[in-house]
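Trainee: Feature list, courtesy of TrEMBL:
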type	residues	note
COMPBIAS	15-34	compositional bias 'Polar residues'
DOMAIN	58-275	domain 'Anoctamin dimerisation'
DOMAIN	278-861	domain 'Anoctamin transmembrane'
REGION	1-34	region 'Disordered'
TRANSMEM	289-316	transmembrane segment
TRANSMEM	368-387	transmembrane segment
TRANSMEM	445-469	transmembrane segment
TRANSMEM	499-520	transmembrane segment
TRANSMEM	543-564	transmembrane segment
TRANSMEM	667-689	transmembrane segment
TRANSMEM	717-741	transmembrane segment
TRANSMEM	826-847	transmembrane segment
Amino acid sequence: MRRITGKAKDETLIELQNATDSQTTDENNGNGVSLSELAILPGHTETDKLQTSRDTVFFRDGVRRIDFVLSYVDDKDGEKKQERRKEFEANLEKAGLELETEDKSESKDQKTYFLKIHAPWDVLATYAEVLKIKVPFKESDIPHGQDAPLEWLSHPLRLPEHIMRPQPDYFTYPFDKKKTDFFLISDKDTFFPPSTRSRIVFYILARCPYYNEGRKDREKTGIKRLLSNGTYAAAFPLHDCRYWKRARNAECESERYNLYKNWARFLCFYKEQPLNLIRKYYGEKIGIYFAWLGFYTEMLFFAALMGVICFAYGLLSYDDNVSSKEICDANIGGSIIMCPLCDKKCPFWKLNSTCLSSWQSHLFDNEGTVFFAIFMGIWVTLFLEFWKRRQARLEYEWDLVDFEEEQLQLQIRPEFEIQCTNRRLNKITQEMEPYLPVTSKCARFCLSAATVIFWISLIVACIIGVIAYRLAVYAAFASIIKDPMRKIQLVGRFITPQLATSVTASCINFVIIMILNFFYERVAIWITDMEIPKTHLEYENKLTVKMFLFQFVNYYSSCFYVAFFKGKFVGHPGAYTYMFGNWSTLRNEECDPGGCLIELTTQLVIVMTGKQMCGNIQEALLPVMRNWWSGRKGRHHPENHYSRWEQDHVLQNFSQLGLFYEYLEMVVQFGFITLFVASFPLAPLLALFNNILEIRVDAWKFTTQFRRPVASKARNIGAWLEILNAVAVLSVVTNAFIMAFTSDMIPRLVYLYAYSKGSNMRGYVNNSLSVYNISHIPLRSMPEEHDYWFDNSTTTCRYRDYRYPPGHEREYTHTMHFWHILAAKMAFIIIMEHVVFMVKFFVAWLIPDVPSDVKARIKRERYLVQEHLHNYEVERLKMQLSASFVTEPRSETSSSME
């Protein structure tokens, strides 16, 4: 086959003029003008004729479609790379691919070569059979679901029918090259869609060697290795048009433009997503991600609504909060002197100084919070069960029902084939296949596990460091904010030492989280590559487990500390507990008299919103800055000067792990709104707003900032579903413990129903505080200076606990009230967990994973496929018999005449 370069203009011009089926659409009036006619129009030079076809997805002949593009530049190591390219491209031609080169003189930068690749019908048919690609053989006669009675209410949310269903429904069957007449092949050039064509070409590129036939250097194989060593600069399939304008050529589908217009613009945030068009253009794997993200966002609406109702209840019951009124009362809270919260630097303080924080705590720590925690335990089950049903429907509609994960064995990673030099006989296929010895596999696994453990230990060490910071600076904040000689009393009224410490520690912790994330992402990819997983599915699953385990500890450990450790191991005046033993000066933190829930809320808000803001900035602004820096000028250059492959070349490459990071971001967010939602009912609302933006930002990135990714199949969201299930189960436990041990709800209920007089909360604050004799405080814990309002007549101070007062025969030991509260907490945990788990399992049992109508359609389709295939084989056999019957009499007649 003859390859064409950009310098052969005269020869190419003749080909263009002789191509009868090549047409160009005029941008202004849309009239079709053939290139041969354009050649005789006045005012058009030969260069103009060539430039009119530069924004195209076809070869220069206007017939063969460009299925893939490779780019490269000449550099100092040019001879060695040129030899690799020569061998690689020669082997591509031997594989049946057709190539066409654009010389660097034709590119805008005058230094980049572009190699355009076309797969002819024979190549597509051969590899479609190898990859078992399903293709249509009969139009579906199964009707779509009928409209619901109030379907008209959702019309404003719907997109046009041709966008939602870009192609008719067909019955499909794995392609068989020997049965081409069985399938609906009207035009071989358009039978396989562009996404399938690029997938087949990439399969060939990933396995094509770049060495001579006489040499057997298996490492010199695949486009990925050529990209890594700089032989080629990029490899990508083309977008079908510019995103802001339809393609001039009527043969181009302009699906990118439709996606941008109806999906990627933020003004479409209230519209449904064109999932079928996404799947058709980008493949099932990306389509299933956006389907899951859209469904997750829809379900968040109900959780956000219930969270707003719970928060509104806290606002409306503001005036009924007797405990906060007592704390703020000058005669009650103002007369209660509290023991110092740290050694030396912290003074004695009055209870009413925490007035504002007690009101803030009530917004999130009220009776409605218990109901909301139970609701979220049920919501997460409904979300997962309904998603399974939605996923089953998509599997049917996208022809993934019979797609088994075993088919991914056909997609063995080229890295595995190259690095595993050992071969053994496959007992099933009876063919020799590469394998990794058990000893090597165990050694790699041990090294990987040790690396993960080291990094998790590093996170724990950083958390301990942050805790030490909290303990060390608390005293400084206490001495600054409460010092009457300093002129910051206005700030001190609103910012308590606890709040200042919590906010600054949370910010520091968030910075540490982002730094550790940056390094661990690269470490996780390195150790996963070192393990040499066999298939792409196995690679993604291993990386998923490593990354989520790290992210779980990294993002949630600080919240776990505040929720379950802070204020739980404090001791009491005279017998305080210290972080590193009694020899250290870092005394364990105490909770505010209103409880630690407000600090958990602060921690959750800072880490969750900080991560979402950083993620959105990184996703939305950085691509724009990169494209600006790289000199992208797509809108400012006419298409006749700026070719389609050059426009796509300056875009960002969508890596194989690009979708992995999108899932990871959403699953971490899912953990925030489920594991600790009892402390912040507005978390689902923040997640809802973020996800509405996330969908459109991701859509915008895919359509405008990224090169078109190679389409790939996926039946479901993979290992992420198991992670979501694990988080859902854990969330029931964490929320039960938060309500029992972090919230002040259980002590209040015990006091209300067992100890109060008159069935009200009056006297609760005084009841929840124990008394300690100031003279018994050790010298190391005594404040250096007394406050101006403190006088020697005060002999006792109060602290948050349930212990006997001084002078009692069991002084400073826990009272029976303490054990009643502990028993109530344990009972609440057991009851809440059992109730929620029973409801979860009942709902999971009640809702089938596959809808009944989908089951019926699957069975009917299988029946029709078998029937149609049977009729085809019978007709084929009849034709063969009739042909043989006609041939035999003729042979007999000719023999008799002789």
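Using the three backbone atoms N, Cα and C, a Cβ is placed for every residue, glycine included.
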Trainee: Taking a Cβ cut-off under 8 Å, which residues six or more beyond the ends of the transmembrane segment (543-564) line up next to it in the same chain?
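Mentor: Tertiary neighbours of the transmembrane segment (543-564) are 448, 452, 455-456, 459-460, 463, 466-467, 502, 506, 509, 513, 516-517, 520-521, 524-525, 527-528, 596, 599-600, 603-604, 607, 611, 657, 660, 663-664, 667-668, 671-672, 675-676, 679, 718-720, 723, 734, 737-738, 741-742.
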Trainee: On average, what pLDDT score does this prediction assign to the domain 'Anoctamin dimerisation' (58-275)?
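Mentor: Within the domain 'Anoctamin dimerisation' (58-275), the model's average pLDDT equals 87.
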Trainee: Count the Cβ pairs between the transmembrane segment (289-316) and the transmembrane segment (667-689) that lie under 8 angstroms and are 6 or more residues apart in sequence, then report whether there are at least 3.
Mentor: yes
Trainee: Between the stretches 368-387, 499-520, 826-847, which one has more Cβ pairs under 8 Å with the transmembrane segment (667-689) than any other?
Mentor: 368-387
